[in-house]
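According to Swiss-Prot, the protein has these features:
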type: COMPBIAS; residues: 205-218; note: compositional bias 'Polar residues'
type: CARBOHYD; residues: ASN101; note: N-linked glycosylation site
type: CARBOHYD; residues: ASN132; note: N-linked glycosylation site
type: REGION; residues: 184-218; note: region 'Disordered'
type: SIGNAL; residues: 1-19; note: signal peptide
type: TOPO_DOM; residues: 20-225; note: topological domain 'Lumenal'
type: TOPO_DOM; residues: 247-251; note: topological domain 'Cytoplasmic'
type: TRANSMEM; residues: 226-246; note: transmembrane segment
Amino acid sequence: MVLIVALLVFFCFLTAVPAALDPKLTGTWATKSRKVVTGPAFYDPAEDRFQEPENTGISYSFTEDGYFEEAYFRAIPNPTKPSCASAMMQFQHGKYSVESNGSLVLTPFAVDGRQLISSPCKSEGSMYFRFNQTEVFKRYEVLTDPFHNVKRLNLYQFDGTPMNPMFLVFDPPQMLPTETLNPTAQASATGRSKAKRGLPYGSGMASSRNKRPSTQVGGLTDPDKWWWAGVMMTLVGGVAFLYSESPWKDW
């Protein structure tokens, strides 16, 4: 009995241990162009829209108390038609942890992630999604870059592939509030999988390329008017048929 109680206490202690954090990660990091930086200049949660930077790039921010934010702006080449390259913008934020094996795990707030894919040569123009994907980096390094003499962050994807190095641009970090920004009753899927759902874009970039004709109500396309017209035509046809078959039609 004593052994069981001891095991229960030990288990409770393990579950109460907070996730490991690394103060060396604190700050805002950006790739060499420094044109893509986390914060309100990249994604505006009030208007629910992206603001297109001058150049492509990646940015990550981390806080001392375990929160992260990411900003992606990438070009997607089209090998068969180079003039029809696409672009992708992506925002996520949430909590991070450093695992015992040295991996870095980013767990986003499921309802807040956004992704915009612009395809100028496709009829739909742009697609705007709610986006949720947990990210796992096999390892990371924080060091002083020998050439630029500034702090550099090296991230290695889950399979060990290195990402473009990022450099410290802000400390303390430049971020949006570390809380759910767009609460909704129906959260998108969680876990280490990607969940996309279409949603209206609002008033931001590429909205004019994704407009669809509105449906008229009250004109010829009103289904109620077509229904009543059908009823009247049926009645008229029925009366004409009865009259043609009646014995007094020749009187």
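Using the three backbone atoms N, Cα and C, a Cβ is placed for every residue, glycine included.
Here the CA atom of ASN132 (N-linked glycosylation site) lies 24 Å from the CA atom of ASN101 (N-linked glycosylation site).
When secondary structure is read from DSSP and collapsed to three states, ASN132 (N-linked glycosylation site) falls in the strand class. Predicted-model confidence for the topological domain 'Cytoplasmic' (247-251) is 46, expressed as mean pLDDT.
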